[in-house]
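A quick write-up on the structure given underneath.
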């Protein structure tokens, strides 16, 4: 199933270089492997289902690590009363000073909106939560969720609509994740100590098993070598140009900017940048992030 990025290399004659990616696939077993609770995996043709019950959740991880690019998974989230549950889709590096980009889908009581929380860890420090209510019911159909990671920003997308952009502000002295290769992960687990209404609504195990369904697995990034200079291998130097380093990718276009404004205005319910109780001094990146002013 593996294929190179769709930018055609025959354009090299005209452009002087070839835009490349590393991996693009829709086959789970080629890109991923179960990481825990193997007996809670259900395979149905192209579909993968992860099951949560009162004995265990489940999770999987990518077989390789990557530097920059785009990862996408299509998911149909837990139907019915899913209060207390969390389905996570994220990228993360290893170690105590790790970088991490999180999607966390927070279960709800029947009839309440499904929330998605995003977070960004840089050098082991998180506390950058944003939360929004999705503008559709994610339990009825599959929707795509993507993380686009470039040297310029980290972008979270839902059905290709940007819901969050974390910009590189190193010129302001603010660290940005760009030097640690990251794996791709997903899991389903019980988090009723905090997930639904701050932990006030607990998981009702009478409604288990809780099931999240997956398909459309895609990773299009620079596969990091097991050893060697990862930063050099995954940089657009010389004749090798990665598509995510192109200016049209590393900046929001006008349509994306308008979409982001709409998401923030209509659907965001929590932003750490405006939580003065937690952060009496506004976090530095919140002051300088230009997307807050679109």
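Residue positions begin at 1 at the first shown residue.
A Cβ is built for glycine as well, from the same backbone N, Cα and C atoms used for every other residue.
Note that TrEMBL annotation is computational and uncurated.
The signal peptide annotation in TrEMBL covers 1-25. Feature annotation from TrEMBL assigns domain 'GH16' to 1-214. Taken from TrEMBL, the feature active site, nucleophile covers 100. What TrEMBL records for 104 is active site, proton donor. The N-linked glycosylation site annotation in TrEMBL covers 108.
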Distance, residue 108 (N-linked glycosylation site) to residue 100 (active site, nucleophile) (CA atoms, angstrom): 25
Protein Cβ atoms within 10 Å of the residue listed as 'active site, proton donor', excluding its own: 19
Among 100, 108 [recorded positions], residue with fewest other Cβ within 10 Å: 100
Whole-number mean of pLDDT values that fall within the domain 'GH16' (1-214): 87
